[in-house]
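Undergrad: Annotation comment: TrEMBL describes 47-388 as domain 'FAD/NAD(P)-binding'. Taken from TrEMBL, the feature disulfide bond covers Cys84-Cys89. According to TrEMBL, the FAD binding site annotation covers Lys93, Gly174, Thr203, Gly204, Ser205, Asp373, Met379, Leu380, Ala381, His382. Residues or ranges marked as NAD(+) binding site in TrEMBL: Gly240, Ala241, Gly242, Tyr243, Ile244, Gly245, Leu246, Glu247, Glu263, Gly332. The domain 'Pyridine nucleotide-disulphide oxidoreductase dimerisation' feature in TrEMBL is assigned to 407-516. TrEMBL lists His505 with the feature active site, proton acceptor.
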Amino acid sequence: MALTSLVRRKAYLLSRNLSNSPADALKYSFSLSNFSRGFASGSEENDVVVIGGGPGGYVAAIKAAQLGLKTTCIEKRGTLGGTCLNVGCIPSKVVIGHGLYGEMYIKLILALLHSSHMYHEATHSFAGHGVKFSSVEIDLPAMMAQKDKAVSNLTRGIEGLFKKNKVNYVKGYGKFISPSEVSVDTIEGVSTVVKGKNIIIATGSDVKSLPGITIDEKRIVSSTGALALQEVPKKLIVIGAGYIGLEMGSVWGRLGSEVTVVEFAPDIVPSMDAEIRKQFQRSLEKQKMKFMLKTKVVGVDTSGNGVRLTVEPAAGGDQTTLEADVVLVSAGRSPFTAGLGLDKIGVETDKIGRILVNDRFATNVAGVYAIGDVIPGPMLAHKAEEDGVACVEFIAGKHGHVDYDKVPGVVYTHPEVASVGKTEEQVKALGVDYRVGKFPFLANSRAKAIDDAEGIVKILADKETDKILGVHIMAPNAGELIHEAVLAINYDASSEDIARVCHAHPTMSEALKEAAMATYDKPIHI
């Protein structure tokens with residue numbers, strides 16, 4: 001018998017012992033209503049079921065409900081927002097919900113980056129601005145408490161949005177038993193079945209492991225463990241020089257750790273424009289972050305108090321040993337699809353486990369869709385959100401669209417690096433004649449006034465049409481500045497279009513205007 005049927009049977013039996021007062025009737029009705037909202041009815045079919053409550057999943061669920069579709073979201077963590085919100089973006093970034101990581105990571109890392117930046121400014125810059133302290137110290141428990149508070153407030157906010165938009169929320173682990181049915185083991189220990197005409201897989205991604213390295217989240221940690229360290233490690237080794245590795249290295253480096261980044265590739269953040277990447281690496285090196293590029297880890301020893309890594313050149317050669325208190329494994333992420341029962345219903349995946357979908361996010365199984373990190377494309381929280389909106393628009397009979405070539409990317413360090421469109425290397429590979437315009441923040445009045453002028457804006461535009469092909473920014477608030485460029489690229493604007501728009505003075509955004517002027521003509525202030 002379905003869970004809800006059992007509940008209603010019990011309700012009937014109990015009701016026979018209730019008085020006939022309106023108050024008793026109302027009290028019982030409210031209790032039953034709450035139960036149904038929390039676990040969804042196995043006998044009632046949803047228009048949309050989303051597996052995963054991360055940035056793609058919860059956004060898809062809310063959008064589906066807004067479009068008038070009866071919607072249930074399933075999330076195994078019991079907290080919405082994904083990795084970005086709970087253990088990632090903010091703490092530092094039915095949808096089958098096991099996709100919280102991206103959202104949690106971003107939020108967590110932003111919180112810790114801001115806190116660590118405030119400490120770094122207090123110890124390195126405040127005196128130059130006439131603000132002096134007799135002493136400054138780190139209260140790591142208080143810093144972590146502030147991070148946790150920020151995350152808690154944001155996750156509760158998403159639950160509030162679910163209630164506002166009438167999205168049913170099921171807390172538990174979901175797996176397919178048919179293309180239209182998801183079995184859920186709830187966090188309360190109850191099993192139920194959620195039915196849906198359309199089911200969206202939005203389970204996100206998980207940390208990619210490395211052979212021979214076991215993550216214990218104490219001495220050898222993933223980004224999750226790195227966001228919950230109980231003390232500042234004297235020595236931190238980061239394996240992987242991508243977005244997450246550099247962000248986490250930046251946090252602990254600013255708090256006093258000696259940070260060494262080990263990267264197999266010849267460059268950090270290989271997807272970044274080469275010129276910007278070189279400036280970015282120099283900036284991080286000035287912050288005392290060390291880099292060992294073209295280097296691979298071949299051995300790990302945790303028998304002592306710390307961790308000993310054996311490394312050697314990527315091409316082979318003499319081995320050396322590195323010692324650290326904590327090692328962060330940040331070698332990328334993999335789609336999280338384990339235990340979903342995809343093989344049972346015949347959903348096709350590629351060789352690295354990504355779910356194959358068409359341009360409407362539909363899998364090869366009718367009624368089953370997938371979005372976010374589990375499908376090809378950039379593994380970014382905001383990309384997953386756009387996937388979610390477009391997917392449910394298609395389901396609702398409307399038109400959805402996401403252009404992955406126009407999705408911005410941001411490295412949340414200080415300075416930040418943000419980009420959209422093509423790198424100069426990509427433009428060259430396409431054989432397109434192009435022009436480049438640059439403007440340094442050292443020539444920007446706002447940046448100089450606040451004594452934070454490290455960085456540059458770089459614009460690439462088609463030489464014949466002046467259409468903007470790519471924009472790359474390294475600046476303290478690059479993640480905010482990039483969106484003018486994102487809008488311009490989405491509307492096929494020219495560099496002259498940006499240059500002729502009046503920008504408020506003095507602002508950091510004037511650097512983008514000046515770079516646009518440098519692209520099609522000449523800048524004013526350099």
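Glycine is no exception: its Cβ is also placed from the backbone N, Cα and C atoms.
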Undergrad: Would you mind listing, in sequence order, the residues at least six apart from Leu246 (NAD(+) binding site) in the same chain with a Cβ closer than 8 Å to its Cβ?
TA: Val238, Val261, Ile268, Val269, Leu284, Met289, Val411, Thr413
Undergrad: For Ser205, Ala381, His505, listed as recorded positions, tell me which one has the smallest number of other Cβ atoms within 10 Å.
TA: His505
Undergrad: Excluding Gly240, Ala241, Gly242, Tyr243, Ile244, Gly245, Leu246, Glu247, Glu263, Gly332, please set out which residues of the same chain place their CB within 8 Å of the center of the CB atoms of the NAD(+) site, keeping sequence order.
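TA: Going along the sequence, the neighbours appear as Val238, Val261, Ile268, Val269, Ser330.
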Undergrad: Across the record's NAD(+)-binding residues Gly240, Ala241, Gly242, Tyr243, Ile244, Gly245, Leu246, Glu247, Glu263, Gly332, the largest CA-CA distance in angstrom?
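TA: The span, Cα to Cα at its widest, is 15 Å.
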Undergrad: Spatially speaking, which of the recorded positions Thr203, Ser205, His505 is closest to Gly240 (NAD(+) binding site)? Use C-alpha to C-alpha, please.
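TA: Closest recorded candidate to Gly240 (NAD(+) binding site) by Cα: Ser205.
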Undergrad: Hey, which of the binding-site residues Ile244, Met379 is the loneliest by Cβ count within 10 Å?
TA: Met379
Undergrad: What does the structure give for the C-alpha distance between Thr203 (FAD binding site) and Ile244 (NAD(+) binding site)? Integer Å is fine.
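TA: About 19 Å separate the Cα atoms of these two residues.
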Undergrad: I'm trying to understand the geometry here, so how far is the Cα atom of the residue listed as 'active site, proton acceptor' from the Cα atom of Ala381 (FAD binding site), in Å to the nearest whole number?
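TA: With the alpha carbons as reference points, the distance is 32 Å.
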